[in-house]
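A.B. asks: The following block contains the structure, expressed as C-alpha cells.
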Amino acid sequence: MSSEGDYTNFKYSNDCLKLINNTFKKFLDVDSINYQIELKRSLEKIGLFFDLDRIYIYYFSKDPTFMQIECQWNNENIRSKREIEEEEVVYTLPWLIREIKNSDFIAINSIEELPAEAVFETEVFLSEGIKSSLIVPLKSKSKLIGFIGFESLSKHITWQEEQINILIDISKAFLHTKLRISKEKLYESTLDGQLILLNNSESQIWALSNVTSYATVNEAHAKFFGKKKRELEYQDLYDIFDIETANKLSENNWELFEKNELAEKELEIKNYKGEIRLLKIKSKPYRDEEGNIKYLICTAEDITEQRKAEMELYKAKEQAEAANIAKSQFLANMSHEIRTPMNGIFGFLELLQSTNLSLEQKEFIREAKAASEVLLHIINDILDFSKIEARKLTMENIEFNLRNTIEDAVSLLAPKAAEKGVEIYTMIKPGVPEEVVGDPARLSQILNNLISNAVKFTECGEISITADCLGEENGIAMLDFQVNDTGIGICKEHINTIFQSFSQGDASTTRKYGGTGLGLAISNELVKMMGGEIHVESILGEGSTFKFNVRLKVTKKSLKQKFAFEKLDGVNILIVDGNTNNREIVSSYLQGTGFKAFEAKDGTSAITTILKNANTENKINIAIINYKMSDMNGYELATTLRTIPFAKNIKLILLTSVTQKGEAKVAKEYGFSSYLCKPVRRDDLLSCIAMTLGLKKENEEEHEAITKHIVKEVNKSLKPRILLVEDNEMNRKIVISMLKSRNMDCDIAVDGSEALKAVSEKDYDVVFMDCQMPVMDGYECTSKIRLIEEAKKHTTIIAMTANAMDGDLEKCIESGMDEYISKPINFDTMFKMIEANIKECNEVTDYNNIIENNINYFVENTGLKKEDAKEILEEYIKYLPDLLEDINNAIDNSNFHKLEELVHELKGSSGNLRIISIYELAIKLEEAVLKQEMDECIRFFGKIKDLLC
Ligand code: ADP
C-alpha cells in the first residue's frame with residue numbers, strides 16, 4: 001500500500017496528461033457497439049494509473065428509484081462491486097444519494113469520516129472492505145443521472161484536490177460519451193422503428209425524384225411489382241418495367257407532378273402476377289428551400305376488392321329498387337284489377353236492391369253487400385299495409401276542418417252502434433282548432449279503425465270519442481284523441497302485441513269477430529307519420545281506451561270561432577238527458593254562444609226546472625230533449641209540457657239515436673220544432689237552435705240539420721247535365737242506372753277523345769272522368785279541356801279511378817281535375833258531388849211543358865186567342881225561375897216575411913193564368929208560411945218543383 005501524498009505531482013505530470021489524452025481520444029469517438037469494451041478499458045487504465053482497486057459507474061433507470069451498474073473494473077485479487085449487473089433499489093444508499101445531489105463530489109478518506117446517519121453506507125464500507133472512496137455525481141443539465149465510484153480496498157487514500165479534479169474531469173468525459181451514445185441509440189431505434197413501419201406497411205409508399213425516376217420505395221410497393229427495393233430505388237421506370245407499365249406509371253406521375261399540391265388519383269395497373277389492380281394513389285410534394293419539388297411522396301392502397309364490393313352493392317341496390325318499383329306497380333295494378341269488379345258487385349247489388357224483391361231476396365242482398373264491404377275493407381288494409389312496407393305511403397298536406405272530420409268519422413259508425421243499443425258520443429273540447437293542415441283521409445282512417453273496433457267489441461254500454469288540444473307551439477297543435485269503450489277489453493298477454501301486423505286477440509276472438517289484425521298496425525304507422533304515438537289501456541271484461549296524439553298545423557282561419565249567428569244573450573236552454581256525458585257535451589257546445597245552459601237528468605226534473613225558472617230571468621226558451629229517459633220518453637215529456645201553461649211556448653228540439661223515415665213528421669206532431677241525431681255535431685246543434693229561434697239571416701252559410709235534407713229533396717228535381725267518360729261497359733251501366741234511380745241521366749263518352757268533343761260542344765255541370773282509357777286517357781283529356789277553356793269557363797271534372805296508389809290524386813290534380821272519387825264508387829258521395837255542382841240555369845229548360853199542359857185550359861177560361869195566351873204564358877215561365885229561386889232562398893234563410901210576399905205572388909200569377917196544379921199548391925204553401933211551419937213550407941215547395949220537371 002503506498003503512502004499518503006503520492007499523488008501530489010499529478011498536476012504537472014506529463015504522463016498523466018498523456019494517458020488521459022490517449023485514453024479519451026479513442027473513447028470519446030467510440031460507437032455504440034464498442035462503447036462497453038472501450039469504457040471498461042478506460043476504467044482499467046484510469047484505475048491502474050491512479051492505483052485504485054475498483055471503479056464503477058451507476059446510472060439511474062427510467063424509474064429513478066432504481067439504478068444499475070453500467071460498467072465496473074476491479075484490480076486483480078479484488079472482488080467486483082457486483083457479481084451480477086442488475087437493477088438495484090436506490091434507497092440502499094440514502095445518505096450518499098442525498099449528498100451527491102447537492103455536491104460535486106464526496107471524498108471519503110476512511111470509514112470514520114462517514115457521518116452517523118450514513119448507516120447503510122457504513123455497512124457497505126464494512127462488508128466490502130472499502131478503505132477510501134471518491135464518489136462523483138453524473139449530471140445532465142443539473143439533473144442527477146448516475147454516479148462514478150473510485151475505491152481503494154487495499155489502502156487508505158487521502159484524496160487531494162488535484163486528483164479529485166482530474167477524476168471529476170474524467171467522469172465528465174464518461175458522462176459526455178454516455179449521453180452521446182444514448183442519443184445515437186435513440187436515433188437508431190427511431191430510424192429502425194420508421195423502417196419497420198415503412199417496410200411492413202400494407203400500403204405502398206414511394207418517393208419519386210422526377211416523372212420517370214424513383215428515389216426510394218417501401219417493401220409493399222416493390223412487392224407489388226415482384227421486385228426488390230433496391231431494384232427500384234434510384235432507377236428509371238423504363239429500365240425496370242415493360243414499356244406498357246412504364247408508360248402508364250410515367251403518365252400517372254406526370255399528372256401528379258402537374259398538380260403541384262396534394263393530389264389523389266385512381267390507377268389501373270398490372271401487378272407482378274399480370275392481374276389488373278386498382279390503386280388509389282395519394283401524392284404530396286416534398287419541397288426544397290426554394291419551394292421546388294424535390295420529391296413527390298406517394299402512397300397507394302389496392303382498392304380492387306373494395307370497388308368490386310361497392311359495384312355489387314350498387315347493383316344489388318338497383319335491383320332492389322327495380323323490384324320495389326315493380327312491387328308497387330304490381331300493387332297499383334292489383335288494386336285496379338280488384339276494385340274494378342268490386343265496383344260492379346257493389347253497383348249491381350245496389351241497383352238490385354231498388355227493384356221489387358221478396359223479403360228473403362232483400363236479406364240475401366243485404367248479406368252479399370255486407371260481405372263485399374268486408375272484402376273491400378280487407379283489400380284496402382292489405383294495400384295500405386303493403387304501401388307502408390314499401391315506404392310508399394305519404395301524407396297529404398291540405399287544409400281541412402278538423403271538427404267535421406272527427407264528427408264524420410263518428411257518424412259513419414253511429415248507426416252500427418245504435419243498432420247494438422250502444423250509446424256513442426263525441427266530445428270535442430274547447431280549444432281544439434277548427435281548421436288545420438294535414439291528411440284528413442288518414443286521420444279519418446285512424447279514427448275509423450279505432451271506433452269500428454270499439455263498436456265491434458262492445459255489446460252494451462257506451463263509446464266515447466274525445467278530442468282535446470294539449471298545446472300549441474309555433475303554429476303546430478298537439479292534438480290528443482281518445483276512443484273509450486265498455487266492451488270486452490284486452491287481456492294482458494295480448495295488449496303488447498296488438499299494434500303488430502296480423503296480430504289479434506286470442507283465437508276465439510278472431511273466430512267470433514273476424515278481421516285481419518292489420519287495422520291497429522296501420523293506425524300505429526299513420527300516427528307515427530303524423531308525429532305522434534298510440535297506446536292502449538284496457539281491463540279485461542270492462543273496456544278499453546285507445547289514446548293517440550298527432551301534430552297538425554293550425555291555419556289562421558282557426559283563430560276565430562265561427563257561429564251561425566251573432567252572440568246571443570238572454571236565451572236559456574234546458575238540456576234533458578239521462579246521460580251525464582251527453583249533457584256535458586251539449587252544454588260545452590253552447591259555451592261562448594251567449595246561451596245559458598241548464599241541465600236535467602229526466603222528464604220530472606226537466607218539468608221542475610222549467611217551473612222553478614218560469615217567472616225569472618232564467619225562463620227556459622228552448623228544451624233539447626233526449627228521446628230515451630228513465631222516467632218517460634221525449635214524446636211523453638213534450639206532450640206533458642204542452643199541457644203546462646208556462647211551458648207551452650218553449651221550443652222543443654228532439655235528440656235521438658235512430659233516424660228513421662218519418663221521424664221528423666212524428667216529432668213535429670208531438671210539438672218538436674226540429675230533431676237532431678246523436679252523436680250531436682256542434683254546428684248542427686247551433687244551426688238547429690238558430691233556426692228554431694228564427695235567427696237565420698239572408699245569405700248566411702247554411703248548416704241546417706233538418707232543413708238540409710229536405711232542401712236536398714228539392715234539388716233532386718233539378719236536371720244536372722252530366723258527362724260520363726268511361727270505357728268499361730259494366731261501370732257505365734251502373735252509373736247510368738244509379739242516375740236513373742234519381743231521375744237523372746247523362747251523356748256518354750267511351751274515351752278521352754269523345755269526351756273532348758262532347759265538352760267543346762256542350763256545357764256540363766259535371767264530368768265524371770275515368771283515368772285509364774284507350775285512345776286518350778283521362779289525364780290527357782282533362783289537360784286538353786283546360787287548354788280549350790282557358791280562363792273563360794271551368795267545367796267541373798271529377799276523376800273516377802280504381803287506382804288507389806299514392807300519387808294518383810296528385811296526378812289527377814296536376815292534369816287539371818277538380819276532385820277525385822275512387823272505385824268502387826260510393827254513390828252517396830257521387831250524388832253529393834253532383835248536387836254541389838248543379839248550375840242554377842238548369843231550371844229554365846224544363847218549364848216549357850207548362851205552356852203545353854195549360855194553354856188550352858187558359859184559352860177556354862179566358863177566351864183569349866191561342867197566340868196571345870202563349871205569349872202571356874211565355875212571359876210567366878220567363879220570370880218563374882227567378883221567383884222559385886227567391887222562394888228557395890227565403891226557405892233556406894227561414895225568412896217567413898219574404899216568403900209570404902213571394903208565395904203570394906206565385907199564388908196570384910198561377911191563379912190568373914189558370915195553372916191550377918201550381919195554384920193549389922201555392923195556396924197550401926201560403927198557409928204553411930202564415931203558420932210559420934217550415935217543414936210544411938219545404939214539403940209544398942218541393943211538390944211545386946216536382947210539378948215543373
Ligand atoms: P282486427 O281487424 O282484427 O280488428 P286490429 O289490428 O284492428 O285488427 O285489432 C287487433 C286486435 O286487437 C283485435 O283482433 C282485438 O283482439 C284487439 N282489439 C282492438 N281493439 C279492441 C277493442 N276496442 N276492444 C277489445 N279488443 C280490441
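Every residue gets a Cβ built from N, Cα and C, even glycine.
No curator has checked TrEMBL annotations; they are predicted automatically.
Here TrEMBL flags 246-282 as coiled coil. TrEMBL lists 263-315 with the feature domain 'PAC'. Taken from TrEMBL, the feature domain 'Histidine kinase' covers 333-554. The domain 'Response regulatory' annotation in TrEMBL covers 572-693, 721-838. The 4-aspartylphosphate annotation in TrEMBL covers ASP770. Look at TrEMBL and you will find 865-949 tagged as domain 'HPt'. Under the heading phosphohistidine, TrEMBL lists HIS904.
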A.B. asks: Restricting to CB pairs under 8 Å, which listed stretch, 263-315, 333-554, 572-693, 865-949, is in contact most with the domain 'Response regulatory' (721-838)?
C.D. replies: 333-554
A.B. asks: Between the Cα atoms of the residue listed as 'phosphohistidine' and the residue listed as '4-aspartylphosphate', find the distance and write it as a whole number of Å.
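C.D. replies: Checking the Cα atoms of the residue listed as 'phosphohistidine' and the residue listed as '4-aspartylphosphate' gives a distance of 47 Å.
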A.B. asks: Starting from the Cβ of the residue listed as '4-aspartylphosphate', draw a 10 Å sphere and report how many other Cβ atoms land inside it.
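C.D. replies: 25, counting other Cβ atoms within 10 Å of the residue listed as '4-aspartylphosphate'.
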A.B. asks: When the domain 'Response regulatory' (721-838) is classified with DSSP, how many of its residues are helical, how many are strand and how many are coil?
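C.D. replies: Computed counts for the domain 'Response regulatory' (721-838) are 54 helix, 23 strand, 41 coil.
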A.B. asks: Relative to the Cβ position of HIS904 (phosphohistidine), how many further Cβ atoms are located within 10 Å?
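C.D. replies: Other Cβ atoms found within 10 Å: 15.
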